[in-house]
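Encoded as structure tokens, the structure appears first; notes follow it.
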Amino acid sequence: MVWWGSSLLLPTLFLASHVGASVDLTLLANLRITDPQRFFLTCVSGEAGAGRSSDPPLLLEKDDRIVRTFPPGQPLYLARNGSHQVTLRGFSKPSDLVGVFSCVGGAGARRTRVLYVHNSPGAHLFPDKVTHTVNKGDTAVLSAHVHKEKQTDVIWKNNGSYFNTLDWQEADDGRFQLQLQNVQPPSSGIYSATYLEASPLGSAFFRLIVRGCGAGRWGPGCVKDCPGCLHGGVCHDHDGECVCPPGFTGTRCEQACREGRFGQSCQEQCPGTAGCRGLTFCLPDPYGCSCGSGWRGSQCQEACAPGHFGADCRLQCQCQNGGTCDRFSGCVCPSGWHGVHCEKSDRIPQILSMATEVEFNIGTMPRINCAAAGNPFPVRGSMKLRKPDGTMLLSTKVIVEPDRTTAEFEVPSLTLGDSGFWECRVSTSGGQDSRRFKVNVKVPPVPLTAPRLLAKQSRQLVVSPLVSFSGDGPISSVRLHYRPQDSTIAWSAIVVDPSENVTLMNLKPKTGYNVRVQLSRPGEGGEGGWGPSALMTTDCPEPLLQPWLESWHVEGPDRLRVSWSLPSVPLSGDGFLLRLWDGARGQERRENISFPQARTALLTGLTPGTHYQLDVRLYHCTLLGPASPPAHVHLPPSGPPAPRHLHAQALSDSEIQLMWQHPEAPSGPISKYIVEIQVAGGSGDPQWMDVDRPEETSIIVRGLNASTRYLFRVRASVQGLGDWSNTVEEATLGNGLQSEGPVRESRAAEEGLDQQLVLAVVGSVSATCLTILAALLALVCIRRSCLHRRRTFTYQSGSGEETILQFSSGTLTLTRRPKPQPEPLSYPVLEWEDITFEDLIGEGNFGQVIRAMIKKDGLKMNAAIKMLKEYASENDHRDFAGELEVLCKLGHHPNIINLLGACENRGYLYIAIEYAPYGNLLDFLRKSRVLETDPAFAREHGTASTLSSRQLLRFASDAANGMQYLSEKQFIHRDLAARNVLVGENLASKIADFGLSRGEEVYVKKTMGRLPVRWMAIESLNYSVYTTKSDVWSFGVLLWEIVSLGGTPYCGMTCAELYEKLPQGYRMEQPRNCDDEVYELMRQCWRDRPYERPPFAQIALQLGRMLEARKAYVNMSLFENFTYAGIDATAEEA
């Protein structure tokens, strides 16, 4: 009984048969023996070294994975004849022979399987030809002739599965044919033709082999030409070698073996006295099986007809020039002729064009090719290579083409002694030829000197890589390697131009680096050894802190006192550099303050009457930090000399008279005198009085305190202020102090006594009245506070000043103490009657947001109204008023939440902003996690989110555009996160929540409060310093939130762990659904050094280009083991 096995095993079987086409392996079936008990199969390996202990043994077995029969009556057994031959015996009945047999030989990657298909001699249908080898794209025709006719349909199967059915009347000349058009390699396999309802033992079994390329082609892509295999050889589609039929050998199967011999080198002998008669030879694919050379027929026992030769007698001799046909070898040519048909005349071989001089690098193992032509064609063994020392090398590979034979020689490792003349020799029966060529062995270059340091900065080294070298040129490349001193990390390397200096960038400040050079010359193995190493040290780090000018005071026409400040962070610097630029004259004055703790300096020797631009910057070693915002200072013109002979006289307890003389030789007419008054020993600021009548040289100073000592000095003004006079000291009268003048003394005493009495009475009454008024005012304020909030709010502005807010008809007046003048800030006014409150959108501890319909400029629109609760704290009022100030100053932008207007009603402030119908971005992202909300939808559509990759990237791009606008307006957000981004119409994202924003370049937080730690930059965590660059860090976290669909940053880590690990270089890992380019942008935002983070303009540009690329930068497909990023609401509150 025969039945088909599982077709699932076929790929393993047939793929294995394609491995190692050049393996010398033959499977023989002795068809002369018809008795199953005497039948045997033999597998022979002709591989050199076959049977070594390390190689797997030859295997020969019946392969019932394809065609199965009942197990034989007794087990089959193997008989081994040495290590290279094995025989299978033990068959008991004819059905044991039907099916597929396989022989496996070779080792490692060359392990090869050879197949043989045996048909029953008594079958109903018998194949005209068992093995068919065709090319990819050809038409294959399988033909079975009728051996025992049945009037039933014929079923065709492929690898055991139904393939086609033919009506029994479709037989043509007693044959059933299956035509397969445009066959492909998967079409290979075992085919069978069987009468319907007949025993499978009566089937005709075929084997179809489809080469992986078209006719005459081989290799990957089938772009290489086959060598033109002769005498029925088949070109292997993997390596292009010819698989020769039994009885032939050679690169192109051009040589015939002696009668009765087979194998790749004709080394095997057919058994018995009958020679190869009755034997079927099966070879590695793509050859298949055939009779031996000179035999044909189903049992390979029929000799070839006259004029035919070769395996299965498929070849015709067609001999020319007196040649005779031999059924085993083909045409036997007379002397002077050769070729398949004796069509080629013998001639002396000739070596073709060859380079006269070649160059190799020492230690390499080159391949040298030598091509020759002639009749007969040069073959392997007829071409040799002679070295200068007389050593002869044999070719390792021969490529035969229609007009030439090319031999390839593998040369052992070259030494300098191999330099000299080499010779290629060829010898055939037609003669011999040779050709000499010169080989130059070169030594790769090695630097003799270490690279030189030309310049250095904190993060850069400028290096001259090459001075001199040993060995041979020319220099094709210079590879510079560098790494930190005493470090074990891998060397960093760059390839540079040997004629140019090299700048090593992105180094660590104040760090030693070992720098060395490797040179290369052209050709394989041209890399030389390392040259001497040089130690180079980078400069000190640049100061990162930016000072700001607090004040400057002109103390004279050529003297200027300057004060500045720094953020309260650890100072790394050696001092300060003050720069004054005189633009009119194109001159610069620099003042070096070498004391890093200094915060003030007196600049002298300046040019009077000059406009200066002033800035200050921190320096460290020789490097300058960022300059402060510049200030413009005007020095007055040079003034007159000091007034002369100033003296003072007390007139009473509140009056002192000053007298002086005009300055000598003033520079022009005096316009006025200036008197300076200051309490002696006091800490208060001095006061000044102008004497507008320049002809007067005295003045009575009134309103002074009794019994108080004062200091006075005077200076004149022409076009500029002059020098101060000498300082005089005088005290007012009182408590026994009398005037020096005898006449005015009594008068002054009486007047002083009267005035003291009057002042005492008036002071007592005034104090009583003020006390009563204060009590009444306090009662009124308390009562009004209970009824409603007052209309004045105080908050701390970004500049540190206390600010009072007052509302008056659309003007927000910011009165900043101690400045006496208010600073009005206008905002669009909404009337209370034009606001219709609707639903509560959100609520916090001290504030709430209500959706409302407002009427503005005659149009109704949706708005979000923000307001404080009744018991909000002073800090909440401060932040709320500050947010209105920010919104007013920012203006309009499509990617920020814009101000619609504000309204004051009964002491409450109401701010109307744009309404975002989709809420905040964080909730919007989390709601899109469709695998959690609707798993059936997610699996049906294969997506993890209702949002596309492009929409997520659009959120990030919009947010970057909004932050670019904020940074250009010099506003620091300080709380950028997905919860503070709103989703508006058309799913546009808008930056919101400006309660913590600051309109400054640098802000140092001095107050306590809850901090968004997981979104904060390192410098903000450690030093409470906020800049636009710290907003860039927060944007990187926001980008991570978008990609992770609202995951909690650093989920599973505490704030304390973040404080510890972020400075050590820890960063969030790349989300699995995130493209490398997007994650690289996050990493750029999270760089340690703020100045290395990209500006928002660059971020917005990069995200815009990603949108234009239309690439899926965020993968929302449900890939294997997909999980969402974790969410920890408790951690987000910290």
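Going from the start of the chain as shown, residues are counted 1 onward.
Quick reminder: no glycine exception, Cβ is built from N, Cα and C everywhere.
Swiss-Prot annotations:
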BINDING   ILE841, GLY842, GLU843, GLY844, ASN845, PHE846, GLY847, GLN848, VAL849, LYS866  ATP binding site
DISULFID  CYS226-CYS235  disulfide bond
DISULFID  CYS229-CYS242  disulfide bond
DISULFID  CYS244-CYS253  disulfide bond
DISULFID  CYS266-CYS276  disulfide bond
DISULFID  CYS270-CYS289  disulfide bond
DISULFID  CYS291-CYS300  disulfide bond
DISULFID  CYS313-CYS325  disulfide bond
DISULFID  CYS319-CYS331  disulfide bond
DISULFID  CYS333-CYS342  disulfide bond
DOMAIN    43-123  domain 'Ig-like C2-type 1'
DOMAIN    212-254  domain 'EGF-like 1'
DOMAIN    256-301  domain 'EGF-like 2'
DOMAIN    303-343  domain 'EGF-like 3'
DOMAIN    349-440  domain 'Ig-like C2-type 2'
DOMAIN    444-543  domain 'Fibronectin type-III 1'
DOMAIN    546-638  domain 'Fibronectin type-III 2'
DOMAIN    642-736  domain 'Fibronectin type-III 3'
DOMAIN    835-1114  domain 'Protein kinase'
CARBOHYD  ASN81  N-linked glycosylation site
CARBOHYD  ASN159  N-linked glycosylation site
CARBOHYD  ASN501  N-linked glycosylation site
CARBOHYD  ASN592  N-linked glycosylation site
CARBOHYD  ASN705  N-linked glycosylation site
SIGNAL    1-22  signal peptide
TOPO_DOM  23-755  topological domain 'Extracellular'
TRANSMEM  756-780  transmembrane segment
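Projection of Swiss-Prot feature records onto the structure.
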{"residue": "CYS226", "record": "disulfide bond", "Cβ contacts under 8 Å, 6 or more apart": "GLY216, ARG217, TRP218, CYS235, GLY240, CYS242"}
{"residue": "CYS253", "record": "disulfide bond", "Cβ contacts under 8 Å, 6 or more apart": "CYS229, LEU230, HIS231, GLY232, GLY233, CYS242, CYS244, PRO245"}
{"residue": "CYS291", "record": "disulfide bond", "Cβ contacts under 8 Å, 6 or more apart": "CYS276, LEU279, THR280, PHE281, GLY297, CYS300, ALA311, ASP312, CYS313"}
{"residue": "CYS331", "record": "disulfide bond", "Cβ contacts under 8 Å, 6 or more apart": "CYS317, GLN318, CYS319, GLN320, GLY323, THR324, CYS325, GLY339, VAL340, HIS341, CYS342"}
{"residue": "CYS333", "record": "disulfide bond", "Cβ contacts under 8 Å, 6 or more apart": "CYS319, ASN321, GLY322, GLY323, GLY339, CYS342"}
{"residue": "ASN592", "record": "N-linked glycosylation site", "Cβ contacts under 8 Å, 6 or more apart": "GLY575, PHE576, LEU577"}
{"residue": "ASN845", "record": "ATP binding site", "Cβ contacts under 8 Å, 6 or more apart": "LYS869"}
{"residue": "GLY847", "record": "ATP binding site", "Cβ contacts under 8 Å, 6 or more apart": "LYS866, MET867, LEU868, LYS869, ALA872, ASP876, PHE880"}
{"residue": "VAL849", "record": "ATP binding site", "Cβ contacts under 8 Å, 6 or more apart": "LEU840, ILE841, GLY842, GLU843, ALA864, ILE865, LYS866"}
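Note on proximity: of the recorded positions ASN81, CYS266, CYS270, CYS289, ASN705, the one nearest ASN159 (N-linked glycosylation site) is CYS289, by Cα distance. Taking DSSP states H, G and I as helix and E and B as strand, the domain 'Fibronectin type-III 1' (444-543) has 0 helix, 46 strand, 54 coil.
When Cβ-Cβ distances below 8 Å are used as the criterion, the domain 'EGF-like 3' (303-343) is approached by residues 230-232, 245-248, 254, 256-257, 259, 281, 290-296, 375-376 of the same chain, each at least six residues removed from its ends. Taking ASN81, CYS266, ASN705 as the recorded positions under consideration, the smallest Cα distance to ASN501 (N-linked glycosylation site) is found for CYS266. DSSP labels the residues of the domain 'Fibronectin type-III 3' (642-736) in these numbers: 0 helix, 45 strand, 50 coil. Take the disulfide-bonded residues CYS244, CYS289, CYS300, CYS325, CYS342: by the count of other Cβ atoms within 10 Å of each Cβ, the lowest one is CYS325.
Taken through DSSP, the domain 'EGF-like 2' (256-301) splits into 0 helix, 17 strand, 29 coil. Taking the recorded positions CYS235, CYS242, CYS266, CYS276, ILE841 in turn, the residue surrounded by the fewest other Cβ atoms inside 10 Å of its Cβ turns out to be ILE841.
Counting same-chain residues at least six beyond the ends of the domain 'EGF-like 1' (212-254), those with a Cβ under 8 angstroms from any Cβ of the stretch are 18, 21-22, 26, 133, 135-138, 185, 261-266, 276, 281, 283-287, 290, 292-294, 310-311, 314-315, 328-330, 340, 377, 379-380, 398-402. Looking only at Cα atoms, ASN81 (N-linked glycosylation site) sits nearest to CYS270 among the recorded positions CYS266, CYS270, CYS289, ASN705. Count of Cβ pairs under 8 Å against the domain 'Ig-like C2-type 1' (43-123): among 256-301, 546-638, 642-736, the largest is for 256-301. Within the domain 'Fibronectin type-III 2' (546-638), the DSSP-based counts of helix, strand and coil residues read 0 helix, 51 strand, 42 coil. Excluding the listed site residues ILE841, GLY842, GLU843, GLY844, ASN845, PHE846, GLY847, GLN848, VAL849, LYS866, the same chain places MET867, LYS869 with Cβ atoms within 8 Å of the centre of the ATP site Cβ atoms. On a Cα basis, CYS289 (disulfide bond) lies 131 Å away from ASN705 (N-linked glycosylation site). Counted over all residue pairs in ILE841, GLY842, GLU843, GLY844, ASN845, PHE846, GLY847, GLN848, VAL849, LYS866, the record's binders of ATP, the longest Cα to Cα distance measures 14 angstrom.
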